[in-house]
Amino acid sequence: MALLEVKNLKKIYTTRFGGNKVQALTNVTFSVEVGEFVAIMGESGSGKTTLLNIMASLDKPTGGAVILADKNMAEIKQKEICAFRRDNLGFVFQDFNLLDTLSLRDNIFLPLVLAGNSYELMNERLLPLAKKLAIEDILDKFPYEVSGGQKQRAAVARALITKPQIVLADEPTGALDSKAANKLLNIFADINKDGQTILMVTHSIQAASRANRVLFIKDGSVFNQIFRGNHSNDQMYHMISDTLSVLQTGNLGEDASETETVACEMTSVFVGAEV
Amino acid sequence: MKKKGLLPRLALNGILRNSSTYLPYIGISVFAMFTYFVFDIIINNKIMTTLPRATYAHMLMMVGFVLLGIIMVPFLYYTNSFLIKRRKKELGLYSILGMEKKHIGILMLIETLIMYAIVVICAIVLGLLFSRLIFLLLLNLTKLPVEASFSISGKAIAHTILFYAVISAINLFTNLVQVGKANPTELMSESKKGEKEPKRIQQLALGGVLLLGYGYYIAISSQVDASIFTNFFLAVFLVVMGTHFLFTSGSIAFLKRLKSNKRLYYRSGNFIAISGMIYRMKKNAASLVNICIFATMVLITMICTVSLYLGIPKIQNFMYPYDIEIEFKENVFTDKKDWQQEVETLAKNEGVTIESFHTYEYARLNIVKKDDKILIKDDKADFRNMYQIRLIPLDSYNTLDSASYELEQGEVLVYSTGADYGMNKIRFINSAYQVKKEIKESSLKPKATNNVFSGMYFVIVPDRNAVEQIAAAYGVEISDNLKHVVEMKLQGDDAQKKAFSEKLNQLSSTQTGFAQYSDYADDIKDTEVMYGGLLFIGIFFGIIFMMCLLIIMYYKQITEGFDDQKNYEIMQKVGMSDLEVKRTIKKQVLQVFFIPLAGAILHTIVGMFMVINLMAAMFFFQINLIIACTIGVCVLFAIIYGISYKRTAKAYYRIVKQWGV
């Protein structure tokens, strides 16, 4: 059974004075199974962030639906959407988004505090998590006192502490050096092994190569996807970079309007065949 | 060719886009300059220097004008610091985009010029429109002739233009220095570090309590004497310092205790509010202190103004219970009956009604009191122990107050215009008397128990012999010094009273035994001008303090709103609902608003002990009125405060919600 289903998602932005319409998402359809680790790749402007925002219920689609655990997110009332997000989704951001006013411990507690949980429960959940993420010694420090990698691991702890159905990560390695990025990706792989579903949006081939499946987005549609199967990380890395080359060179020399139609056709070929 | 217009355009845009911080600044500047301008116009009006009675008003207006100038410079400087803080990021960006420091300087100069023009033009136009009205208010409050001509002086316009130019230049200069010193990255990034907890919180708290306690002690135990003004400023200083220490340490200790209570701290409403306040605890405490002090200033100014307004008639009645006082030598003045008849006819002819007509005989002694001993006055004595004693024979007193007291030899009655005499014996140099009764109310003179400046004892003795005997011991010869006094209160219009008074003076001075004629009409007018002028200044300063207070609160919340914007964005992403955001903001703003309010009200209540004494020095003895005014003003102030709390919370919410746009 699919945990997350994205069906024919469309998003059109209208500029403030009504004139120009920008199509950010043309037609996106895919699904994520329980326990999967999926990466979404694409260039800047391909619609990744829009897609993630819609899945995170931070933005509303123009057409189509996002269904998480059999619940259509469009049908959730505005009042309940925050609670829904808090209980079902965990977020990891590129720039960490930790509150400077809180210690790491309190940052991690934040979603549970908002959900109204008791202090005992929070503490109970924090300890094993902190150990796994190797941040148990710095819990009482403030974000400005620790390194980027440590900040991001605290952010991961914050995402995981609510035991979400799915973790949405937006360029989680974007602000980290390669060592810290590697450490974080190992942690992602670990928690995925423990059964956590992860959906990660990324630019980085290195990050994407750790996923079970990689979706490629171009000009607002899913362009292609690769499955890991039994491939190693290195093999995965090459497959991704080959696909990216095709993605980037395939349309060289064509003008914008044609690109869009081609992209649509290609989506129907690839996605239609495999999903 | 387009470059020429770029900087002015950027400058104008800068003001428009930051209107939420610039508009209040422009608003308060316009109001401040408007007041400054109007005061200046009034001072420069001819009537203020030509009308003899306007001297008091003129002097008060000058004092107010100077004070206004002194207060405005640091206040506008302080407000400006909020503005530049908000602009730094934008200026940093311009500088990264390749704008030189020189260009940024020109940009800021243009901005300052635009605002300068707006403020000065608005202030002068408003001033021209309303100054006449405000002038009439002043004339009305001081009871000066309303038909006085009113002119607008060019001098006032020039002063205003110049004064605001100086303020603008000071602000521009500080901004330029700040921006000039910093490099672009410093301008762009604000420090993320939280504030360190100050060391020795407990000692700080103890120091605060001691300072505040001592300040309160001075205020409560203060007496009206030569040192009251130094004591007043000492108490103000101690209370300001004490408030500062206590709010800093107290608020931090309090927040820490809240944080250590896990059950309380980890609850969705409290969590963010408490951690946010701990994060900027020192800045937070400093604003709380500022708001508290300003609120106290507003409260005390308003209470004094309102009490004064309501109390003026009674002050006048106390200072001048009658319009005319005539003294004769009792022993020589024999035609009492005829003279009184003539006075009554005169009043009828002049169209004046005699409201009251008191007469009694007395001998005056100036003495120093030591417990119940009455000594001859000497210059070294403390003025609080100096009194005037009027010895009155019993029959004269009984006639005056229509009483029927009887006294044995060796007994007296006592009436004090100040604090009660309170003892049952009175010892003159040569004789001692038993106080049979202390009279609490008499038409001799009004009584106010907290009147210490003009204390007077009326000692009613059995007969003239007793008067003579006592007076002799103090070197007062009775044949010459036993006075027959006549006190009159009149009704009628001013011109009639004046004509009557002149004729009465003539009539009386021709009598045998005439000693002295006093008409208090001019003195009463003088007090009207003085108290009216005080009232006028009180009203304006009350309004100005209030506006300063509101602006400080507004800017504090706005700046914090911008600082918190990012935090709320994150929290919404993590799953905080709109409702929870609103609730948290309410809590955070609530604390900021109501702790200073509580502090200010406490300060005010204690300050009232001192104010009551200070007012007593101005012959204002109506303690009940002051208490009623204190309660009324505090309630009214709390309501205004509550409204501004709601508005501020709204503005704050609007700012933190801005990220999506």
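Note: Cβ is positioned from N, Cα and C throughout, glycine not excepted.
Just so you know, TrEMBL annotations never went through curation; they're auto-generated.
Owing to the predicted nature of the structure, the values given are computational and were not obtained by experimental measurement.
Quick look at what TrEMBL lists:
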TRANSMEM  B:21-39  transmembrane segment
TRANSMEM  B:59-83  transmembrane segment
DOMAIN    B:64-184  domain 'ABC3 transporter permease C-terminal'
TRANSMEM  B:104-137  transmembrane segment
TRANSMEM  B:157-180  transmembrane segment
TRANSMEM  B:201-220  transmembrane segment
TRANSMEM  B:232-255  transmembrane segment
TRANSMEM  B:288-312  transmembrane segment
TRANSMEM  B:529-555  transmembrane segment
TRANSMEM  B:592-612  transmembrane segment
TRANSMEM  B:618-644  transmembrane segment
Quiz item: How does the model score the domain 'ABC3 transporter permease C-terminal' (B:64-184) in terms of mean pLDDT?
Solution: 86
Self-check item: Candidate ranges B:21-39, B:104-137, B:232-255 - greatest C-beta contact count to the transmembrane segment (B:288-312) (under 8 angstroms)
Solution: B:232-255
Quiz prompt | Cβ-Cβ under 8 Å with the transmembrane segment (B:618-644): same-chain residues at least 6 beyond its ends | solution = 295, 298-299, 302-303, 306-308, 310-311, 314-315, 318-319, 448-451, 453, 546, 550, 553-554, 593, 597, 601, 604-605, 608, 611-612
Quiz item: Given the transmembrane segment (B:104-137), which of the listed stretches B:157-180, B:201-220, B:232-255 has the most Cβ pairs that are under 8 Å apart from it?
Solution: B:157-180
Quiz item: Which numbers of helix, strand and coil residues does DSSP report for the domain 'ABC3 transporter permease C-terminal' (B:64-184)?
Solution: 104 helix, 0 strand, 17 coil
Self-check item: Region pair the transmembrane segment (B:157-180) / the transmembrane segment (B:21-39), three or more CB pairs under 8 Å
Solution: yes
Quiz item: If you count Cβ pairs under 8 Å, which stretch among B:21-39, B:201-220, B:232-255, B:592-612 touches the transmembrane segment (B:59-83) the most?
Solution: B:21-39
Exercise. Sort out the residues at least 6 away from either end of the transmembrane segment (B:201-220), same chain, that have Cβ-Cβ distances under 8 Å to it, and list them.
Key: 231, 234-239, 241-250, 252-253, 606-607, 609-610
